[in-house]
Structures are given as structure tokens and as C-alpha cells.
Amino acid sequence: MTENPLLPQRIPRILLFLGTVGLLLFVCIQLLPIFAVSSPEDPDNQASASVISRETADKKALALAEERFGGATEAPHTVHQSDSLLYGYLSKENKLTDFAHTYDARFPTDTFQSQVNTKYGELFVYTHMESGRIVGWRLFPVGDDRTKASSRYVSEWTKLQFARKTAIAEGFRSTDLRDGQVNGNVATFEPKSYKMEEAQLRLQVTVQALDRSGTLTAISYHAAFEAPSGYIVNVKSQDKLAASLSLFGSLLMNALLFLLAIIMAIRTRRSTSFRRGLLLAGLFLLFYVVNNYNMADGIRASYGERPNAETLTVAGLLFSNLFTALMAISVWFSLIGGDGIWRRDGRRLWARYREPGYGDHVWRAMKLSYPLALAMLGAQSILLYSLDRSIGSWSTTSVESSPYNFAIPLLYPLLAWCAAISEEALYRLFGIALFTKLFRNKFIGCLLPTIIWALGHVTYPVYPSYSRLIELTIVGLLFCWLFLRYGFIAAVFTHAVLDTLLMAFDLITIGSVVNWLAALFYLVLPVGIAWVLRTITNRRMNAAGG
């Protein structure tokens, strides 16, 4: 049997050069445009924005509830909300900066959404993330009094005039509101002077009496630009395609890989051990469950204006944790099965803790991971730039992964280790071994698990949906080369460093000294892990030798 992958004591100059070039490419292609061209509400572009706290948004929501709806009966719950359709359209048309300068102050794409329980029902209040200005609200009325009051006849003209009065109080001019239509209790205006490319502003005010007195109240006020119908149809079609690719190309294939991992773990049990991977699978499970709870508000925000959002969020968390447990089991069997196949075929791509030189192997793998991660980052930047120029790719916002929806933002980079452990175990250690054995061709053995891995990312908010398939297939093949050349531990470290760099930047953009320090901690964490493992194993070997 061959030894573990031979790693150089010093970082090769070529890797240092590639890492430096990769860092420069990342800064020039991805970072500089963010600072030069940014939308104030973009959660990924907060370099210079001063975002209010959730507590401030809570106070604004409570004040509105007191002013219009008799006050709150319990504390509000605030999440970051985003109009991903509009943001995506503006991004595609390169109009984010123009929109930010012209309309953002009154009609932001991103807001804080506060859910408040009032005596009249569930109230949703939307607050500008920088200025703290209330930019919209919606009440879901409940109660017998509301039902009786709403049955009283109110003319459409009266509703229209009341809606105009509300809109003027919110900053519109009377000349903007000349044309209006009433459908039921909803008055709709489309001021012609408010346009951005094909996106048109639409103002809707719902007018209704809430009690027996019959006094009219604006129970909802929504003023926002709407992306053109052609764009919306295109995005929905892309989302449908992405969902199909993810289901048949990733989810079902991952289930098949799970079953095959169990089979191969049993068949190769004499070449490996079922204790292998327990620690890594356990860490994956722990970190991922922590991440699920940390991102609970992202789940809640994804439900939008749903009075039962809290109940749906709890159900979503239970499902997520159950799925995470299955993933952890899959990771464990992939580690066992993958290691067993490689060792049975005479290769040690995953060094064992008690093998000679383990500590030094881990230390050298860690040192290689930083320039390798920077080189990968540069390659990814070139790919993103090329896709943007060739097929016109664009991205939009996602409230599920928004840093502003994290309960504790500084826990976010733990997800980098979840991705590194699970993806390198399933798609590299096990996937390459399995498909190479099946097809007796190393390139096909690398390509097939890489495509499955890439298909698992096509539902991300990047369009066209196949652009991520192209990008990650190429990046995945680079990871395959890295794994085969330097081994599993180096691949895990590199993957973790790469994702940590991106997630640490999110922490930095949120602001605060704590997040800055947390970002620094996560960036040097691989050094600490490798140092501890090297120290412990070297002491054990010295003690055994002495």
C-alpha cells in the first residue's frame, strides 16, 4: 500500500504565485465593484451603509401599531425582507446604482419586516433599513366587529379619496395620483413618472373600517416598483428548471449515493473502520443544526406575509433538522466507504490519526490550503466574470441566507466547515472512488460526482439557472485535482478556507468589532486546528518512542 500523499514541507513558489494572483483577481473582479457600485439595501453590499438595528425597527413598528391600530398586544418580531424579483431585474439591467440614487429612500428593495400582534389582527410593518422610515404596512384583520363594519356600504369614490389622502401623507403629490382604480377595498395607482427601465411603480392602499363606528382606516399601504412581466415569466421558468435539475440531478442522485455508500462501507470494512469519520460526521451534524437555528429568521422571512409564519418556521426547522441528521449519516458512510475503496486499491488519500507522520501531514495540508483557496477564489472570479460577459448572468437576493436574518451572525462561518466536510466526503473521497471504479476512467470518475455536486447548487439565486452548473463543474474539477494530488485533509482545509473567506466578508460588511474579530478568528482557525493536532500526535509519538 502506498503512503499518504507526499506534501511539501514548504509551500511551492508556484502555489504562492497562484494564490497571490487569485487574491488580486478576487479583489479586482468581485470586491472593488461592490464598493464602487452598491445598492444601499443589498445585504451583500453593505460596505458603506449604516443599517439600523432590529430593535430600532421594532420601535418603529410599535409606534405605527399604536398610532393606527390601537397598539401591540405582544413584542414584534423583525426579519430582513427583500423583493428579489425587483432586485434581480435591476441587477440584470445594471440599474442598481441608478435606482439607489433615485428611488431607494422611499421604495427600497430591502426592508426590515416586523410582525406585530394588535387587537385588530396581525400587522406587518416595513422599515427602511438605513433611515428607519416606515415605507409600508399590512394588517390582517380579525374579529366580529370588523366583519360587521365591513358590510356597510362605502362608495368607491370615498375609498379612492381616502387612499389618495393616505398616499399624500406618505410623500406623494396629488398630481401623481390623478388616475386610480378601486377593486373591492383596494385602491391602485400607477404614477407614470416613476419608472426605472420597464419597472413601474405601483401603489396600493387597502381601505376598510375596523370597528362598528365605520371609520375608514388604511389597513395596508404598499408602494413598490414591479419588475416587468416578461422578466417575471423568465425567472419563474428558470426557477422551475432549477428545481427539476436539483430534484433529479442532485437530490435523487444523492439518495442513490447514500445507499451505495452504505453498501461499499460494508464491502470494504476490512480495509477501513466504522469508527472512521464519526468525529467529522458528528461535527457536521452539530454545526449544521446550530446553523439551522441560527438561520430560523431566514426561514420565517421566506414565508412573507403569513400570520402563521411562526408555526411554519417551527415545522420548517423540524424538517431541516431531520434532513440534516440523514445528511450526517450519509457523510459518515461516505467517509467509511470512500476510505475503504481507496485503501483496498492501495492508496491512502485520507491519513489516519495513529499513522506515522499524521500531525506533520495535517500541518502541511493546512499550509497548502491558504494559497490553494486563494487560487480557487481567483479562478471562480474569472468564471463569474466570463459568465457575466458571455451569457449575461446575474444574481439577486435571498432572505434565507441573509446575514441580517442570523440570530448570531458570528456563528455563520461554521457552515463553511459543514460544506467542506460533507462535500469533500461525498463527492470527492467517495464519489471519485466509486465512479472511477465503475467506469475505469479517472476523468469520468471525477466528472460525474462533480456534476451531481454542481446540480445541488442550481437553485441558488443566480441566473440563468444553468450558470452555476457551468461554474461549479469547473471549480469542482479543480477540487478533484486537488484531492487526488494532495489528499482528503488538504481538500477539506482548502474548501473550508475558501468558504470562510467569503463568509468572513459577510461578517465584516455587517459591521461591529465583534464580527470583525469573529471573522479574523475563523480565518486563522485552520492554523489552530492543525497546530493542536500536530502537537498532540507528535507528543504521543515521542512518548511511545521514549
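Even glycines carry a Cβ here, placed using N, Cα and C.
What TrEMBL lists as domain 'CAAX prenyl protease 2/Lysostaphin resistance protein A-like' is 409-500.
Here the transmembrane segment (241-266) has long-range neighbours at 272, 274, 326, 329-330, 333-334, 336-338, 340-341, 426, 430-431, 434, 449, 451-453, 455-456, 458-459, 465-466, 469, meaning same-chain residues at least 6 beyond its ends whose C-beta is under 8 angstroms from one of its own. The feature transmembrane segment is assigned by TrEMBL to 241-266 (among others).
Per TrEMBL, the feature transmembrane segment maps to 278-296 (among others).
Annotation source TrEMBL lists transmembrane segment at 316-342 (among others). Among residues of the same chain six or more beyond the transmembrane segment (316-342), those with a C-beta under 8 A of the stretch's C-beta atoms are 254, 257-258, 260-265, 267-269, 271-274, 276-278, 280-282, 284-285, 288-289, 292-293, 296, 299, 348-350, 421-422, 425-426, 428-431, 433-434, 437.
The feature transmembrane segment is assigned by TrEMBL to 368-387 (among others).
What TrEMBL records for 407-430 (among others) is transmembrane segment. Taking Cβ pairs closer than 8 Å, the transmembrane segment (407-430) reaches residues 254, 257, 261, 264, 277, 280-281, 283-284, 287-288, 290-291, 293-297, 327, 330-331, 334-335, 337-339, 341-342, 349-350, 449-450, 452-453, 476, 479-480, 483, 488, 491-493, 495-496, 498-500, 503-504, 506-507, 510, 514-515, 518-519, 522 in its own chain, all 6 or more past its ends.
Sequence-distant neighbours of the transmembrane segment (442-460) (same chain, 6+ residues past either end, Cβ-Cβ under 8 Å): 239, 242-243, 245-246, 249-251, 253-254, 257, 398, 423, 426-428, 431-436, 466, 468-469, 471-473, 476-477, 479-481, 484. Taken from TrEMBL, the feature transmembrane segment applies to 442-460 (among others).
Sequence annotations record features per position, and here TrEMBL assigns transmembrane segment to 516-533 (among others).
Applying DSSP to the domain 'CAAX prenyl protease 2/Lysostaphin resistance protein A-like' (409-500) sorts its residues as follows: 77 helix, 2 strand, 13 coil.
Residues 7-8, 11, 15-16, 18-26, 28-30, 393, 467, 470-471, 474-475, 478-479, 482, 486, 490, 493-498, 501, 526 of the same chain lie 6 or more positions beyond the ends of the transmembrane segment (368-387) yet place their CB under 8 Å from a CB of it.
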